[in-house]
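Q: Can you keep this structure in mind? I'll have questions shortly.
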Amino acid sequence: MLVHIKDLVKDAAKHGYAIGAFNVHNLETILGVARAAVKAKSPAIIQVSEGAIKYMGRKPVNHLVSTVAKNLAPDVQIALHLDHGSSFESVLACMDAGFSSVQIDASSMPIDENIELTKKIVDIAHKRGVWVQGEVGSMIGGHGKVGGRITGVPLAVPAEVVAFVKATKVDSIAAAVGSAHGAFTNEDVHLDLVKAITEKIKTPLVLHGGSGVPDKVIAKAIKNGVRIINIGTDIKVAFSDTLKDTCKKNKKETDPRVLLTPSIEAVEAIVLNKMKLFGSFGRSVDIKAKKL
Ligand code: G3H
Ligand code: ZN
């Protein structure tokens, strides 16, 4: 079923686990996430970047996610979110298209301009019942980048995160805490920094760059208060590595369904593992959420 993101995050905060926010790129990755959610009886956030919207179209992606959630996953809770919205116009268009949650990522701007733009969006979004995620401290790396070391990862300053949340009234907050977009060999999360932030604010903290962070560190980050974890690269890799392999082994195959089914299954397997790690496995049974 399609639900508002607030119902998922509320349950995660109450029971001390994290909801996976999974980046999708096409029908097949949407199916992989939805099937994993059904198998795991787990809530899930399905999120799209502006790149994915450019590829599929804003309304089509909204309809695809809604239809899959309502028809193929009627007993689990799925929420749709815009990941890394970069402008007022882009975020507004997603609200118009029916997203229950949007991120405005103005983290590359000076903090006062970030606050100003985020606040302007929050004011409009809240009138429409839409949740807004803000971001303090820029993420580096790159979606889909795999291997090698990452250096110079910026870190958010807790006092700045607290001031930002207070000033903007965002519903969730992404802060740079050591992880990076992509999967690198030395990725880490500064657990003390996570704690220093979550002790001072009630607003749920979002961990971006979840791919590449060791499982043990993810588990500790959840203990320290992370309530949403973004996974993008692991899905891209599962999908495309499997597709390349299937094509190699079936050079004469012409049926896209035969070539794509193993990739859907690979995405499903990755997402299932994340749901176990995040503690959302089985939570759908207890969550009371209004269907959208
Ligand atoms: O916004 C998307 C995420 O932060 C994904 O990061 O590709 O490292 O999993 P990732
Ligand atoms: Zn991100």
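Cβ coordinates are placed from backbone N, Cα and C, and glycine is handled just like the others.
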Q: Given that TrEMBL assigns HIS181, HIS208 to the Zn(2+) 1 site, pick the one from HIS63, HIS81, HIS84 that the record assigns to that site as well.
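A: Among the candidates, TrEMBL records only HIS84 at this Zn(2+) 1 site.
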Q: Find, among the binding-site residues listed as GLY209, GLY232, the one whose Cβ has the highest number of other Cβ atoms within 10 Å in the structure shown.
A: GLY209
Q: What other residues of this chain sit with their CB within 8 A of the center of the CB atoms of HIS84, HIS181, HIS208, the recorded Zn(2+) 1 site?
A: ASP83, ASP105, MET139, HIS143, ALA174, GLY209, ASN230, GLY232
Q: Given ASN230 (dihydroxyacetone phosphate binding site) and ASP83 (active site, proton donor), what distance in Å do their CA atoms have, once rounded to a whole number?
A: 9
Q: Taking Cα atoms as reference points, which of the recorded positions ASP83, HIS84, GLU135, HIS181, HIS208 is nearest to THR233 (dihydroxyacetone phosphate binding site)?
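A: Checking each of ASP83, HIS84, GLU135, HIS181, HIS208 against THR233 (dihydroxyacetone phosphate binding site), the shortest Cα distance is to HIS181.
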Q: Is it possible to get the count of other C-beta atoms within 10 angstroms of the C-beta of GLY210 (dihydroxyacetone phosphate binding site)?
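A: The Cβ of GLY210 (dihydroxyacetone phosphate binding site) has 30 Cβ neighbours within 10 Å.
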Q: Cα distance, GLY182 (dihydroxyacetone phosphate binding site) to ASP105 (Zn(2+) 2 binding site), nearest Å?
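A: Cα to Cα, ASP105 (Zn(2+) 2 binding site) and GLY182 (dihydroxyacetone phosphate binding site) are separated by 18 Å.
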